Amino acid sequence: MVCEGKRSTSCPCFFLLTAKFYWILTMMQRTHSQEYAHSIRLDGDIILGGLFPVHAKGERGVPCGDLKKEKGIHRLEAMLYAIDQINKDPDLLSNITLGVRILDTCSRDTYALEQSLTFVQALIEKDASDVKCANGDPPIFTKPDKISGVIGAAASSVSIMVANILRLFKIPQISYASTAPELSDNTRYDFFSRVVPPDSYQAQAMVDIVTALGWNYVSTLASEGNYGESGVEAFTQISREIGGVCIAQSQKIPREPRPGEFEKIIKRLLETPNARAVIMFANEDDIRRILEAAKKLNQSGHFLWIGSDSWGSKIAPVYQQEEIAEGAVTILPKRASIDGFDRYFRSRTLANNRRNVWFAEFWEENFGCKLGSHGKRNSHIKKCTGLERIARDSSYEQEGKVQFVIDAVYSMAYALHNMHKELCPGYIGLCPRMVTIDGKELLGYIRAVNFNGSAGTPVTFNENGDAPGRYDIFQYQINNKSTEYKIIGHWTNQLHLKVEDMQWANREHTHPASVCSLPCKPGERKKTVKGVPCCWHCERCEGYNYQVDELSCELCPLDQRPNINRTGCQRIPIIKLEWHSPWAVVPVFIAILGIIATTFVIVTFVRYNDTPIVRASGRELSYVLLTGIFLCYSITFLMIAAPDTIICSFRRIFLGLGMCFSYAALLTKTNRIHRIFEQGKKSVTAPKFISPASQLVITFSLISVQLLGVFVWFVVDPPHTIIDYGEQRTLDPENARGVLKCDISDLSLICSLGYSILLMVTCTVYAIKTRGVPETFNEAKPIGFTMYTTCIIWLAFIPIFFGTAQSAEKMYIQTTTLTVSMSLSASVSLGMLYMPKVYIIIFHPEQNVQKRKRSFKAVVTAATMQSKLIQKGNDRPNGEVKSELCESLETNTSSTKTTYISYSNHSI
């Protein structure tokens, strides 16, 4: 304000502020006005505010520090460049000039808040009724600029602080660099928009990168503040939602770290050595100091850095720390270098850029010189000539956010342009409706803009004021002592990554691992650690289980076993008893010998059918018995043959039939002998049914019971084959086999043989009863010896057969035991009953002659005398009894000796 009267620059004005807020504002404007230039001010019809980090943070007690050439001056000049371009464009805001009021935030949120109060001065009503000049005249106030919109700020923490003030006064704000997800909250920051995507998109891209590289165990590192903490929070939330990525630990870098703080952070990160990947949402200075600490602790090649856009493709954080940073994957919003700005900025000089109040300071910093006696550089520095040129006498590279600053300014300009078209149709310049711009109405136009930005990409906003996510993905690589940030992919709602272009420490192209637990081998399932789904122990799927998925094993079906990797099931091999097996060779050999011997006996008996020995043996029952013996040998071949329906049918029929033939014939013989001698003790009348025809009827009646039982078995359970997978289901699935066999259970087998065993036992009983019959009269004793031996064989068979029920060799042992037992039984019968007769027929034909027949009366006499002498047997030796019986018989019959008894005509 100025006072009328004396027009001197030192006109004293005394006034009393009626608003404390305004007093604070005024004092703030004067603070450090001598040390730092306050702002850039360009007049125009519509004034836009600008917030840029021209200076870094100052030390304690000092708000501002060193000049930031790129982030400060480059971005600031980008806004001025955009304003110039818009004001020169006849098609954009024609006849309307944009002005600016640009302030320095000094990279500090609290200082930026103080500065931003400048933007709301015009909206604060002031009561100056009590303010008087020294001469009593009322003061004249300089009218503050009415700010229609604000471009900025850069840091998310600064934008959040400023947005809280601007929303109260309904001033739209467009940021060119703030990416904190918190700013997407349209209920709290409803007047905030941005031309850069929020960190939620960036976090999604980083999660996709981590997932694509197969990393599931990572640590996070954030600078304290909205940018770092919100970015890490977004990454954590997204990784939790999609699953598959676990956070080993989260570290935070304090705003004002103590000495040694960064070394402590690195050591804490090393406590989880498997979490090599580190997700970084940190500012540039913190990134540099973290890399320094890692280098100091000699951790080159250990950490796999994933940096946010604050790292991007900057050289400063990795300068002199290239080996530590090698392989770092960084992300940056897709951008392009603006050629027009390069030409503009290179042409800036001290003479043509006086509107930038910080440009002189930039000039000194950029060229390393001093401007006159008022320069801020030390006195021993060379003086600036003013003839220096940017990019000729100094290095120059366009700062990465220049494109977004220009797009932010153009977004505001297009919104104003569209607003003017609707509110002031056909009006040249500002119409009355736009003299005072309604911020809420302008916000609607901002959110509706859609144009191609300075890089040719569309500029749009969603309902929360966020720009779409478009990122370039870089990797810091070292090749032949040269370094570069190489583009390895991009992200636009989904990841496109060229893994083959990636290079890691020591020039390795195979990407390293960052996992809590190594992948389980095939056939192993994961047993996760409680609360840490990315960490697990591997458990092998044991027995007949196979790996269904990563977390579970399941049992294979009964007819299958796990494959070699236990990742699936395969059919269990089917086996049967093969002819070449040792278990089959021995029974077959015995059976063949037995069949040959039996055939030889039958042929011999047929050849000498009418000789006394054959006739005395009872030809009819002998042939029945020999048939049974033959069948007992033959069953071996049926038991070893490959099972099918026909073979199974024959097995059922002949399994017990051979024994039934044999023991039915023997039982009939022993029963006949027993009845004859028992009848002889009582009377001289011959017992009934002792003729050959009667004997055959009895024998076949006994055999018919077996056949009837087999017939019932056929009806109840038709024969068929099965594959028994339980018989050889060993503990080791590799040895498991399915056994192809007939569906004959052990119980069915016992039932089939049970009747024959019953005949055998009965026959044995009769053999015992007739053991005292004189051997010159009958075959009782050979039959008895046969039955005793047979019983011993079958008593040995039972424990062997049933004792191997759980053995893996069950099929072989049981089949061999059964066939050998039947062959041995047949061999005993053949050897004891017929081989002596064949021997006499072949080698002693002189004994095969007709002897005097014994009448039934002689048998009765022998039986009676035997009965009497048995009573004396208790007092005499066995030999004496036998001798006396023989002598008595010889005297009674007037014969010297009779060896065989004739059964013809009821004689013995």
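Cβ coordinates come from backbone N, Cα and C, glycine included.
Annotated features, as they stand in Swiss-Prot:
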- Lys882: SUMO1 cross-link (CROSSLNK)
- 1-33: signal peptide (SIGNAL)
- 34-583: topological domain 'Extracellular' (TOPO_DOM)
- 609-620: topological domain 'Cytoplasmic' (TOPO_DOM)
- 642-647: topological domain 'Extracellular' (TOPO_DOM)
- 669-695: topological domain 'Cytoplasmic' (TOPO_DOM)
- 717-746: topological domain 'Extracellular' (TOPO_DOM)
- 769-781: topological domain 'Cytoplasmic' (TOPO_DOM)
- 804-818: topological domain 'Extracellular' (TOPO_DOM)
- 844-908: topological domain 'Cytoplasmic' (TOPO_DOM)
- 584-608: transmembrane segment (TRANSMEM)
- 621-641: transmembrane segment (TRANSMEM)
- 648-668: transmembrane segment (TRANSMEM)
- 696-716: transmembrane segment (TRANSMEM)
- 747-768: transmembrane segment (TRANSMEM)
- 782-803: transmembrane segment (TRANSMEM)
- 819-843: transmembrane segment (TRANSMEM)
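Note: the stretches the transmembrane segment (584-608) and the transmembrane segment (747-768) are not in contact (fewer than 3 CB pairs below 8 A, sequence gap of 6 or more). Residue counts of the topological domain 'Cytoplasmic' (609-620) by helix, strand and coil are 7 helix, 0 strand, 5 coil (DSSP-based).
With a cut-off of 8 Å between Cβ atoms, the residues of this chain six or more beyond the topological domain 'Extracellular' (642-647) that come close are 576, 719-721, 740-742.
Sequence-remote contacts of a segment are chain residues at least 6 beyond its ends whose Cβ falls under 8 Å from one of its Cβ atoms, and for the topological domain 'Extracellular' (717-746) they are 543-544, 556, 558-559, 561-562, 572-576, 642-645, 647-649, 651-652, 752, 802, 805, 808, 810-811. Mean pLDDT of the predicted structure over the topological domain 'Extracellular' (34-583): 90. Mapped onto DSSP classes, the topological domain 'Extracellular' (642-647) shows 3 helix, 0 strand, 3 coil. Under DSSP, the residues of the topological domain 'Extracellular' (717-746) split into helix, strand and coil as follows: 4 helix, 14 strand, 12 coil.
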